[in-house]
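Worksheet: one structure, shown below.
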Amino acid sequence: MKNTKCGCGHNNPVGTILCEYCGKPLQEEENTDRPLEMRYEGKARRSQTQKRTVLDRVWNFFSSVKVAIYLIVITLLASILGTVFPQEGQIPSGRPDVYYAQEYGFWGDLYYQLGLSDMYSSWWYISLLAMIGISLVICSLDRVVPLYQALRRQKVTKNTAFITRQRASRTLQVSEEEKDPLLDRLAESLSKKRYNIRREGDSILAEKGRFSRWGPYINHIGLIIFLLGTLMRLIPGWHLDEAVYVREGETKKLPELNYYVKNEKAIAELYDEKENRQQASKDQPIVKKYETQVVLYEKDPETDQLERVESGPILVNEPLKYKDLLLYQADFQPNQTEAIRLSVKDKETDEKLGSFWIDLYDPEMNYEVKDGVEVQIMDYFPDFVMDGNRPTTKSEVPNRPAFIFKVTSPEEEKAEKSWMIAGTDLDDLHRDNRYKMELEKLKTVNMSGLMVRIDKSLPIIFLGLGIFMVGLSIGLFWYHRRVWIRWKEGTLYLGAHTNKNWFGLRRELEQATAAADLPFSFSPEKR
Amino acid sequence: MEQLMEYSLLATFFLYLIAGVTFVAAMTGKGTEEEKEAHVVRWGRRGLIFAMIGAVLHVVFTVTRIFLSGHFPTSNMFEFTAFLCFAIVAAFIVIFSIYRTVALGAFVMPLAVIMLAYASVFPREVKPLIPALQSHWLGIHVTTAALGEGALAVGFVAGLIYLIRWADSHPNSRTAAYLEVVMAVILMVVAFVVLSFTFSGLDYHASFKHTVDEQEVVQEYSMPPIVGPSGGEAIQVQPFLGMERPLFDAPAWMEGEKAANKLNTVLWSVFSGLVLYGLLRLILRKRIYESMVPMVKNMDMELMDEISYRAIAIGYPVFTLGALIFAMIWAHEAWGRFWGWDPKEVWALITWLFYSAYLHLRLSRGWHGLKSSWMAVGGFVIIMLNLIAINLVLAGLHSYA
């Protein structure tokens with residue numbers, strides 16, 4: 001075991017760099033005048049003293065700032081990878097397995113196969129972030145405890161080698177008679193610079209801004225709270241991320257919730273020419289606002305009645321808030337066909353028999369037209385597409401409605417079958433039919449896409465970020481400055497240390513020493 | 001009103017230019033040591049006055065633009081880049097008031113000039129805001145992020161000065177070689193700005209049609225086509241120095257809407273940057289950084305290292321607040337999630353991680369001087385990548401330009 005007993009008689013733990021008692025450098029060869037390593041006050045940290053159990057090993061691994069930096073750099077490089085192609089959440093397709101190969105060729109496919117297209121929620125990326133979190137906790141604990149102890153138990157009288165090997169230091173021959181008035185003057189001028197002064201015999205310790213040393217630990221606590229906040233979203237019920245599309249006039253249940261939302265009106269407004277002065281030359285209009293006026297209902301679990309709880313407009317940047325629930329304007333689809341009006345014509349008499357509305361979202365099956373002529377929907381494909389030889393539907397949204405009708409009439413023995421596909425002319429197919437169906441009218445409404453969000457961990461997340469900012473400001477905008485002065489055997493030693501802004505410290509020392517009639521220059525070249 | 005805006009921007013540009021020239025003049029005085037020192041102080045003060053008048057006019061420009069448009073001018077590439085230029089000048093004035101280092105101005109002000117010129121390449125007209133940007137956070141989030149980046153840019157300049165000083169005493173080092181590469185890249189940006197203005201001055205146009213996803217699209221070129229769209233067909237190409245058709249076609253996988261045009265612009269910038277670099281080498285008869293050595297010869301390296309660190313220590317919290325925290329609050333209000341791994345968000349995170357690594361390396365691993373200065377340069381490269389490449393190449397929620 002290494003001998004860590006200092007010349008002053010103090011026993012230091014293994015790993016100590018500067019004697020805990022007098023500050024004498026312990027671990028280096030003597031007779032150098034390189035500035036001292038002042039980090040963590042030269043105290044031994046837990047990671048340097050305990051090296052036995054598995055827990056110690058884990059602790060030592062995560063307590064290393066080197067490891068922390070590696071984790072940061074690896075996360076940084078990995079994050080870059082994820083921006084090469086858009087992530088799955090940002091592609092305009094629900095089929096990532098096809099999309100990447102189609103859009104970006106071989107590399108796109110590889111990107112998808114390697115899982116990089118959804119890498120920010122991959123296990124390895126999350127573990128990287130988790131490891132940074134662990135490292136934050138352990139690094140901070142490993143350092144803040146010894147630092148706190150060292151700063152609290154500071155001794156005023158320091159070893160002269162400790163003073164002369166500070167980055168800013170001076171020595172001067174001062175006789176025994178001169179020393180007391182000089183030390184008084186120095187103490188006073190430093191005190192005027194708002195230093196806390198401690199005196200002990202022929203030594204002075206002047207210190208200010210110690211609280212800035214806690215900045216890094218405060219900001220790490222903030223980051224830990226932030227990371228915990230993001231983890232809490234995994235608690236059931238704390239996080240919800242859904243979307244609903246609601247047509248004007250429609251009331252829809254919100255997914256996974258006992259709420260219903262009614263779209264009263266959805267509008268999109270364009271800038272007029274006066275507001276958009278550049279508009280005259282260009283033909284693309286700019287949207288001024290998207291707005292959905294909604295009413296929110298809560299379902300009473302006993303009576304099954306909808307109870308109105310909130311109402312108001314939803315705009316982009318202005319969500320509707322009710323308790324924890326937030327509704328956002330996310331999408332706007334104008335002029336969606338909601339219903340169509342069909343007319344039925346008798347080709348033999350060239351007479352219009354009548355017409356009827358079909359609700360495309362919830363069509364009735366039978367329609368009585370006139371004189372016993374009846375139209376029956378045999379099959380309905382809201383979003384028609386051919387899958388090989390078989391007609392099918394892509395979705396439940398009537399983007400391209402198609403019908404198979406059966407028309408029965410007392411005058412015809414056999415029922416007639418006819419097709420209708422939006423945007424397709426099928427007259428040839430029905431040449432032999434007696435009854436002809438024609439599209440007479442469309443009923444269109446605007447449709448709003450609303451995001452449905454609940455995020456109960458938000459206050460924790462923003463609290464963490466707030467603490468982080470406070471810690472960051474304390475640590476980076478303030479600084480910890482200390483000046484050690486000691487008279488010993490006809491020589492005055494003066495040394496100073498700061499954790500940042502040496503320029504400011506040197507200027508302050510020059511002003512303070514000048515005020516004490518001891519004009520020292522602390523500029524680094526004149527060391 | 002509109003004229004006031006235009007003129008104040010123009011005046012800002014020239015004042016930054018004059019300030020830059022004055023700072024350079026301050027650093028290249030002749031005579032004895034004392035005469036030189038007096039020269040530096042005198043001309044340094046003049047340079048600062050010019051820079052400050054420029055900054056005031058920049059504020060006038062910003063305020064008139066707010067009156068004209070009704071929103072804070074940070075809604076497109078021109079407005080943001082111009083504001084970033086202002087942030088750099090503002091950060092410089094703050095740092096100068098602490099350290100009084102004139103040499104810093106000789107580098108920061110030219111950077112501001114390049115920045116403002118780069119901004120002016122983009123469309124400058126006042127446009128009304130799309131709904132997604134209609135929020136007071138547009139002003140708060142973007143300006144705070146830009147102010148942070150301005151301070152980080154000053155950190156970069158101080159690091160650059162440190163490297164020039166260091167390379168001066170180690171001319172055969174890798175640092176000297178890479179420093180020259182940095183200079184060449186800066187010249188490429190300059191070349192891009194000059195080319196954009198030249199060709200728009202000549203009113204140059206070319207257009208091509210090609211098919212993307214079975215749809216015919218037309219690409220407008222504002223620079224003569226070195227490279228045409230893959231499988232594209234010229235609609236109209238103004239001849240330029242005998243160039244009437246693209247020299248070659250873009251590779252087939254570059255089929256994005258404007259990919260070929262962007263590649264063309266990049267090629268033009270790289271080639272002209274290299275030509276500019278070659279010309280400068282021929283005229284100066286030494287490496288570019290070497291010609292800057294006289295301006296920084298008297299700078300204390302330890303002080304430069306500290307200024308670089310100080311500027312970054314100021315910029316980092318401001319950047320964090322603006323580019324991450326305010327961004328999260330706005331994202332929560334606008335999109336219903338505070339973080340969505342949008343490319344721009346990820347690159348803000350990357351920038352933040354990089355400077356976090358910088359701080360840890362410096363504070364805990366003792367990376368000072370050379371390594372630290374290179375990291376200051378690297379950080380600024382990431383910011384510029386974010387500004388130029390991510391906005392223009394990778395499309396995301398943030399590409400409003």
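Yeah, the Cβs are placed from backbone N, Cα and C, and that goes for glycine too.
Summarising the annotation, TrEMBL assigns domain 'ResB-like' to A:65-416 (among others).
Outside the transmembrane segment (A:67-85), and at least 6 residues removed from its termini, the chain residues within Cβ reach (under 8 Å) are 61, 100, 104, 108, 111, 116-117, 119-120, 125, 128-129, 131-132, 135-136, 139. Per TrEMBL, transmembrane segment is recorded for A:67-85 (among others).
What TrEMBL records for A:123-145 (among others) is transmembrane segment.
Marked as transmembrane segment by TrEMBL: A:217-235 (among others). Listed as Cβ neighbours of the transmembrane segment (A:217-235) (distance under 8 Å, sequence separation of 6 or more from its ends, same chain) are residues 129-130, 133, 136-137, 139-140, 143-144, 455-458, 460-461, 463-472, 474-475.
As annotated by TrEMBL, domain 'ResB-like' applies to A:424-510 (among others). Confidence over the domain 'ResB-like' (A:424-510), given as mean pLDDT on the 0 to 100 scale, stands at 88.
Positions annotated as transmembrane segment by TrEMBL: A:458-479 (among others). Residues of the same chain lying 6 or more positions beyond the ends of the transmembrane segment (A:458-479) and with a Cβ under 8 Å from any Cβ of it are 209, 211-230, 232, 498-501, 504-505.
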Query - Helix, strand and coil residues within the domain 'ResB-like' (A:424-510) as assigned by DSSP - result: 33 helix, 37 strand, 17 coil
